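Following: one structure in structure tokens, then a few remarks.
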Amino acid sequence: MKIVLLGYMGSGKTTVGRIVANHLNIKFLDLDAYIEEAERMSVSSIFNEKGEIYFRKKEMEYLSEIFLIENSFVLSLGGGTPCFGTNMELINEKTKNSFYLNIGIPELVTRLMKEKNHRPMISHLQDQELTEFVGKHLFERSFFYNKAHHKIKCNNNSPTEIAEIIINSLV
Ligand code: S3P
């Protein structure tokens, strides 16, 4: 069983992923945490010291590694993972259980406003710039997110309810 959760920053991939993994009694993996452990650096430090291109290269390598060495897991991706290289093709080749957690822009902005400082893609933005940025960015990224096998509209659902929807859709 390989379950992959994707979606924009702040869409709840990690929270929901943990619940699904607990429920199914399988391993939970968070790609950002996996990269941080392997590189012994925070994602923010990787961006600051080595640059985004280095991060994207490592992100792709560790994603492939996870599919090679792990059999059964719930994997929460980083918000940008589906949008680079052949990541989305790899994911959909390896599993039919890829899920896009789709959240509307106002809710994403509310969530990200509180925690933008440790997110290198948005930490430089003023609060009033966030809505426009997220709107444009999500529009560009939706093309990739929509390649997921399942799309879940999450706005009014709790993480537990979203986890239930995922568990009931597994193939
Ligand atoms: C990114 C999202 C982050 C992390 C990195 C880049 C992005 O993951 O991978 O900061 O490009 O959207 P989360 O979606 O878990 O915040």
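Placement of Cβ uses the backbone N, Cα and C atoms for every residue, glycine included.
TrEMBL entries are annotated by machine, without manual review.
What you are looking at is a predicted structure, and each value in this text was computed from that prediction instead of being measured.
The ATP binding site annotation in TrEMBL covers GLY10, SER11, GLY12, LYS13, THR14, THR15, ARG119. Annotation source TrEMBL lists Mg(2+) binding site at THR14. According to TrEMBL, the feature substrate binding site maps to ASP32, ARG56, GLY79, ARG141.
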For the binding-site residues GLY10, SER11, GLY12, THR15, ARG56, ARG141, which residues place their CB under 6 A from an atom of ligand 1? none
ASP32 (substrate binding site) in three-state DSSP notation: helix
Among the binding-site residues listed as ASP32, ARG56, GLY79, ARG141, the Cα nearest the Cα of GLY10 (ATP binding site) belongs to GLY79
Distance, ASP32 (substrate binding site) to ARG119 (ATP binding site) (CA atoms, angstrom): 11
Taking residues ASP32, ARG56, GLY79, ARG141, which bind substrate in the record, the widest Cα spacing (Å, whole number): 18
From the binding-site residues ARG56, GLY79, ARG141, pick the residue whose C-alpha lies nearest to the C-alpha of SER11 (ATP binding site). GLY79
In this structure, the one of the binding-site residues LYS13, ARG119 whose CB has the fewest other CB atoms within 10 Å is ARG119
Using Cα coordinates, what distance in whole Å links GLY12 (ATP binding site) and ARG141 (substrate binding site)? 17
For ATP, with binders GLY10, SER11, GLY12, LYS13, THR14, THR15, ARG119, what's the maximum Cα separation in whole Å? 17
Using Cα positions only, nearest of the binding-site residues to LYS13 (ATP binding site) (ARG56, GLY79, ARG141): GLY79
Please report the number of other Cβ atoms within 10 Å of the Cβ of ARG141 (substrate binding site). 17
Could you state the CA-to-CA distance between ARG141 (substrate binding site) and THR15 (ATP binding site) to the nearest Å? 21
Nearest-integer angstrom distance between the alpha carbons (Cα) of ASP32 (substrate binding site) and THR14 (ATP binding site): 10
In angstrom units, rounded to an integer, how far apart are the Cα atoms of GLY79 (substrate binding site) and THR15 (ATP binding site)? 14
